[in-house]
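**Student:** What follows is a structure written as structure tokens; I'll ask about it next.
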Amino acid sequence: TPPTPEKSVIVSYFYFLSYKQGDPVTLYVNKVGPYHNPQETYHYYTLPVCRPKEVHHKSLSLGEVLDGDRMAESLYEIKFRENTEKKLLCQLTLTEKEVDQLREAIEELYYFEFVLDDIPIWGFVGYMEESGFLPHSHKVGLWTHLDFNIEYNGNSVIFANVSVKDSKPVPLEDGGAGHGAVGTGGGLALSFSYSVHWFESPLNHARRAERLRDYSFFPKTLEIHWLSIINSLVLVVLLLGFVIIILMRVLKNDFARYNVEEEGGCDDLDQGDNGWKIIHTDVFRFPPYKSLLCAVLGVGAQFLTLATGIIVMALLGMFNVHRHGAINSAAIMLYALTSCVSGYCSCSFYTQIHGQRWVWNIILTSSLFSAPLFLTWSVVNSVHWWSGSTQALPASTVLLLLGAWVLVGFPLTVIGGIVGKNRAGNFQAPCRTRNIARQIPTQPWYKHTAVHMAIGGFLPFSAISVELYYIFATVWGREHYTLYGILLCVFAILLSVGACISVALTYFLLSGEDYRWWWRSVLSTGSTGLFIFVYSVFYYRNRSSMSGLVQSAEFFGYSLLTALVFSLMLGTVSFWASLVFIRYIYRSLKMD
């Protein structure tokens, strides 16, 4: 166990360590990996570097483990506010195989991550330079001396980074002789050293996150994207104008035409009218695959609750940039706790539309997302395990996650389903449904399902397409996303556009005397997930430098799950928007 600092102090609901001069400050080594592959990470001690005889790992939270962190104590001796100049860390004699391993890591632009007082410290393992065509020059060097620059304020650490500007890399070509390295018949002898310099910072501990955000080891791309937001807001205003002004004007004319003869019976109206009123005896005919539809609506409602909860927690400042993996832990906790939402919404609506197999409905609801998630994770985790990546979850974490689903998630789904079944009321259909279904006339090509899916999926996607790049840069990069207010705005825009488009497409469908709106409303804007996955392929090929089996498996596996989540959420929103709209227009008719 590392030495304990003087005391722990609580500020803004978070613990931070308080030191006095001379107290040891523990530096943990964490992971290494290719610079352009954020999810391909390996433990730092997989490289032939200085390490203690017995490696002691730090106890990690669930979020840190899921984030690929594997922190272990290092040999660096750092004391609070005491400078150190070129202190020897260790001496190693590397075999030819180990030299080749280091050379390959440097050529793949491996970076390392250390952690000091919850502050990540990044740097490159080595130096590579290629120049000239004829003659071609290829130089690979290893950094054997690191300068640690640490900022402090009072008795707390504010920021830390590492520098190599005052040292020269040890060349690893031709045996690596020179610059302090001694090539011998048995291998390559190297001496590793380090320096520590302390600087006073004007920032107090509560504001140290600002210092980390200003640091730019990784590319900085996140800022407030006013052009994206204004573009999305204009689209929302236009859509709302279309639905509220144009569509309501059309409905007003329809109501005036349909309600002229108040004394006519339904049969007489059926003979003389056409359009959406003529199918009033079929529009509330329950769809096929009731259980699957209700499961989609239940899981979609769960993810709407989950996404809203994550954004609200972020706005409340619960995801500090120094709390590693906090958002991962929160997502898992909320997913388990919101399972009751999916069970309640699914089973309640299933009972309303006269579903009989409610037990099967609960099982389908609980596995609609968890089964694809487990299958995808199994493939991705197997690839990580085969490559030795720290992204491969240990058996204890797997059992913990499985236990969370078995002991919390699934039981809450069952409890929510039972409560929803018992509290379900009537369906509240304004019109009675005939026993014999009406024949649907032949529809033009622009009213087919594929066309509606293309229109309904593209418009919500276009509303978030610009911001989606920055979200991808955060998820598949190393940015710390802090614009949660903007994210909430974009999320609201996405849901609003989906609801507006669904109402418009549903009206066009009913105007053609086609009453099969149930599944069509889910698929119309639910197809946005397909556009998001296509964009992810474009992002991988044209906007990122990711490569390799490990990174590709993780990227495309979880991109598919992301597309599924968006499809479920937007499909749920569009369905309920269409149902509210249909109940409104048929309740406004005067019929016997």
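Cβ from N, Cα, C; glycine included.
Positions annotated as transmembrane segment by TrEMBL: 226-248, 292-319, 325-346, 358-380, 392-419, 450-472, 484-510, 517-540, 560-586.
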**Student:** Quick check for me: are there 3+ Cβ pairs below 8 Å between the transmembrane segment (450-472) and the transmembrane segment (517-540), leaving out pairs under 6 residues apart?
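**Tutor:** The answer is yes, given that the two segments have at least 3 Cβ pairs within the 8 Å cut-off.
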**Student:** For the transmembrane segment (325-346) and the transmembrane segment (392-419), does the number of C-beta pairs under 8 Å, pairs 6 or more apart in sequence, reach 3 or more?
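**Tutor:** Contact between the transmembrane segment (325-346) and the transmembrane segment (392-419): present.
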**Student:** Where else in the chain does the transmembrane segment (517-540) make close Cβ contacts, counting only residues six or more beyond its ends and a cut-off under 8 Å?
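**Tutor:** Contacts with the transmembrane segment (517-540): 283, 286-287, 289, 293, 296-297, 449, 452-458, 460-461, 465, 468-469, 472, 476, 498, 501-502, 505-506, 509-510, 546, 552, 555-556, 559-560, 562-568, 570-575, 577-579, 582.
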**Student:** Same-chain Cβ contacts of the transmembrane segment (292-319) under 8 Å, 6 or more residues past its ends?
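**Tutor:** Sequence-distant neighbours of the transmembrane segment (292-319): 12, 326-327, 330-331, 334-335, 338-339, 341-347, 349-350, 353, 355, 361, 364-365, 368-369, 484-485, 487-488, 491, 495, 518-519, 522, 565, 568-573, 575-576.
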